[in-house]
Every structure is written in structure tokens, then in C-alpha cells.
Amino acid sequence: MELNVRCVVLLAVGLCSTLLLTTVAAHQEEEPIMELAEDMGVEDELEDLGLGEELLDGEVEPEDADTPPGPPPAPKVTYKAPEPMGEHFFAESFDRGTLDSWVLSKAKKEDIDEDIAKYDGKWEVEDMKDSKLPGDKGLVLKSRAKHHAISAQLLRPFIFDTKPLIVQYEVNFQQGIDCGGAYVKLLSQTPDLNLDEFVDKTPYTIMFGPDKCGEDYKLHFIFRHKNPKTGEYEEKHAKKPDADLRTYYTDKKTHLYTLVVNPDNSFEVLVDQTVVNSGNLLTDMTPPINPAAEIEDPDDHKPEDWDERPKIQDPDAVKPEDWDEDAPKQIPDEDAVKPDGWLDDQPEYTSDPDAVKPEDWDEDMDGEWEAPQIPNALCETAPGCGAWQRPMIDNPNYKGKWKAPMIDNPNYQGVWKPRKIANPDFFEDLHPFRMTPFNAVGLELWSMSSDIFFDNFFITNERHTAERWANDGWGLKKAAEGAAEPGLVNQMMTAADERPWLWVVYVLTVAVPLILIIVFFCTGKKAVAPAAADYKKTDEPQPDVKEEEEEKAEEDQVKEEKSQPAAAGKKSDAEDSPAAVNEEEEEEAATDQKQEDDVLRRSPRNTKGRKD
């Protein structure tokens, strides 16, 4: 009985859990999205950004009675463009809706086909397609398989002196990205810089940003270093980030890319204000900033008698006279005996007697027809068929071709290397941070994907100024996207719709533990009824026993009731008699008798007997 109750309780708990999950999912779908945003702390985050209640419009238009229920509306947030504050060299949010300060390149690429040489890719300023902030505009790369080039002048040139360089901007791959880049170039300040002729070969100081083709996910940080001796420029690439960058290219969310280069030559690359790569310009760039102090002499050549062999064959070794190079590796086993019953006259295969020559067989074209071969039925029960041959075994006298043993080469001189000489091009630049000044920012891109969204470019030399700009722009977008994201249950349902095999995982995760618990509690050993002697020591009611014991208990009860007066009289006499037992024994006997009487009186069958 108790086990059944446990099973029912466990099943009820499992059913209640399922109903609870369903209720939570339905509640999340019906709950207004602004309440979800408030629970996630979005409203507090917006207040921290200095935007207050004026950005949140919590009013939701009433739905018509005939309108079927649908997904909750996105939060209505009035976007406010970030305003540059503090020291900065460039700030662009595109919220004016025009490209007045930007220059489209009119140049052509060199050394490629005329059809694709032009920079004729289209740029537009427009809202993001799936924007959670109506009114937020950005620069959008619109064309596929086209060359795009657009640039803008800085407020004033950036000079690398005693303050850091901080570059940041936002990117959203609205349609995903198959093969293409979304990096920016900081164009070097040169006398002949013409933004109308901006091409891939236009000198730049730094190239920074995401790039992807196939399964190669990159986040570039490249700067052009000037050789102080030759005056030539060489590209230096930062090491590859250790972090997994795949999510930033596939989740179709807006991500903030930030580059910080400090005067002490350290650098940081951040995505969404999280460091994904860092290092030092002197030690973490490829090729290195400073060349080696010594190089191998290009005029040094290895002498003709230079011996690089560490081991040689012993010239004094002689082949033994008993060495037989012609001995075979295997020989027939002379001790083998043909098994009894071997069918020497029977072939292993015979012609199929049931085979019939095809009607369209042309002996002139196909040759003489022969029945196909099948295994000989007589050989299936015999040890073998055909001519018996002795099996082959390894030849104990086989030694193979004789070779002289190897010994250390007495003339060994080691592996030859050319001698080292001083590097005539050696220099030591301990301040690679002092790069070429730049005065323009540009996007020169080729992409097989369209609708790449750029926004909120910012260049400064103050970290707190850059963070304020990021919070006012990207921080607001992050808060709005977080408010519009579905709850955990909806996310699980969406993931299962895209990958149906997740349903199996969900079911196993919930069902298996529940089944194991139920089996554990419902298949335990049954409780054994305690002996009647155990109940004499307690006041607990005794459960029903077997029918014979119950009948015997009833008879004893009747006899006891009849004998109670006599027993009482005898007891009184015994107490008055000097031969009676001591008081302790009497009290113990009385206590045992009372417990037995209580047990018998509480028995349901004894009660029934009294009523009868």
C-alpha cells in the first residue's frame, strides 16, 4: 500500500512538472516584452546610459478582437544617436541619413579584368533590416561580387606620440557572410592622397577588422612598418586570436570591434568590449619588427670533401664463407603428410550442369560458350581436391643478402652550415608604436555577401571617451536586442525546430531521471511484518496476522476474561502471603500482562468478537 502511494506521488510530481513547464512557456509568450526587458535589467541599463524613461515607450496598441494572438511585439525604443564627447579625431553615426562627408572612389583596380576592375559596388545609408531600434541608421554595403571603396577625412591627422590609438566601429552581417571582409583602413597622411582614387594599393597605416572566407575566420590587425634604413614599408601581422570567432559571423547580431594600441607597444583587440587578442608589437608580430643581428653568409659554400655521414659500412668486414645468399626464404615442409580422404582426381571447381547457353549468344562475336564454374560439391566434405602440395614454411638457413655492419664514421664533420656574418640591413626599432600618421578612414572591400551593416565609427586617444561612445551606441543596441530575445523555453523550442534531434535530448533529459526514480522507489523490497514479540515493547497497533493466529488470539481473550476474577483473587492472596514473589517481579509481570491486553484489545478481529 505504501509503495503504491509513493508511485502515485512520483507520477503526480512528474505530471505537475510538465504542466509547470508548459505554463511557463505560455506565460512567456503572453507576457509583454517590456516586462521581460525590465526583468533582464534593460531599463536599468538604459537609465545608466543617461537615456532615462524618455527612450522607452511602453504603450502597446490594443489588438482587435478578431486579430488572432501572435508573437509579442518588439519593444518600442526611440533611438537617440550617440554624441561625441571628449577628445576624438573621427565620429560617424550616419544618423543624418546622407553620405555628405564620404567620398566614393572613382578609380579602377589594376591587373584584373575590365569587367570587375571598377569600384562600382553600391553603398546606402539605411536602417538595419531587423532593427530593434527604429531610427538607427548605418552604412550598408549593398552589392554582391563587386569592389567597394568609400572613405572620409578625419577632423585632424592622428599622430602617434604619447597617447594611445583607439579605433572602434560596429558590424552586422545581416545576410550572413560567405566570403568577404568588413575591415577598415586608416589611410596614411601623404602629399598625394586623393580619396577619389582610393584603391587597394593606397598606402595605409593600419588595417583592422573581421574577414572570412569559407571556414577561415579572421580578425585582422595589420600595420605597415617603415624600415628606418631603407625607407621601405613592410606589413606586420598580429598573431591569430586564440578565441573562437565563429559566433560573431553567424549570429546576425551587431558586434563592436575595438583596437587599442598603446605607446608602450602593447595592443589589444576587443569584440563587444571583451579582449580576444593581445600582445606586443615587438614580440607578437609576423614578420618581426627588428631583423636578426646576424645572417648566414650568402657567399659561403660547403667544401667538396665535407663528410656529413655519421655512420658508414665497415670497410674491413668480410662476408662469412658459409653465408648463402641464394637460399630461399621459404621451403616445402618435408614432414607434412597428405590428409586422408584427399580427392586428387576432383577439381575444386566444375562447370555448372544447370547452365544454359543464352539464346542471343553469337560464337562469332562472343567466342565459344562455356558454362560458368561453381564449387565442386564433392570437395565440401573432403579435406581437399586437386593435386596435393606440401605447405611452405620459413627456411631456417635463410640469411638474405649480406651487408657490411655500420660503424661510426671517423671522418664525420657534422652538418654543414654557412658561417654567420653581421646583417648589413640590421636595425633596432624599439618604438614601433610611432607609426606613420593617418588622416582618413576608408573601406575597400570585396564581398560575395550583401547588406553588411557598418555603424558608429570612432577614433580617439582616450579610453573613457571611447567607452562612453560605445555605451551610447552599441550598448543601447545590445540592451534592445536582449529585451527582444525570447525566453529560455522559446529558445529551446526554436533550436529544436531547426535541429529536430534535440527533441530526443530533451525527452531523455527529463524522462530518464524520472523513470529511474520511480523504478527505484516502486520496486523496493516489501516490508516484513514484525513479530508479535516486537509489539510487546511498544504501544503501536499490531497489524493483522494470519487467520489461525487471529482465531487463537480470540480464544485466549475469551478464556482470559473468564479467568480474570479468579486470577485477581489469587493475586491478592499471593500479595498477602509471605511466600509471594518480591515486588519487582510482580510489577514486571503486571506490565507485560497489561501490554498483551492492550494489543489484543486493539486488534480489529478481537473487537468484532466482543460485539458478536
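Every residue number used here counts from 1 along the chain in the order it is shown.
Note that Cβ sites are derived from N, Cα and C of the backbone, with glycine treated the same way.
For reference, TrEMBL has these:
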type	residues	note
SIGNAL	1-26	signal peptide
DISULFID	CYS179-CYS213	disulfide bond
REGION	280-365	region 'Disordered'
COMPBIAS	299-338	compositional bias 'Basic and acidic residues'
TRANSMEM	501-522	transmembrane segment
REGION	531-612	region 'Disordered'
COMPBIAS	534-545	compositional bias 'Basic and acidic residues'
COMPBIAS	591-601	compositional bias 'Basic and acidic residues'
COMPBIAS	602-612	compositional bias 'Basic residues'
State the residues, same chain only, that lie 6 or more residues beyond the ends of the compositional bias 'Basic and acidic residues' (299-338) and have a CB under 8 A from a CB inside it; answer 'none' if no residue qualifies.
388-395, 397-409, 411-416, 418-419
How many other Cβ atoms sit within 10 Å of the Cβ of CYS179 (disulfide bond)?
14
CB contacts for CYS213 (disulfide bond) [other CB atoms within 10 A, all chains]:
14
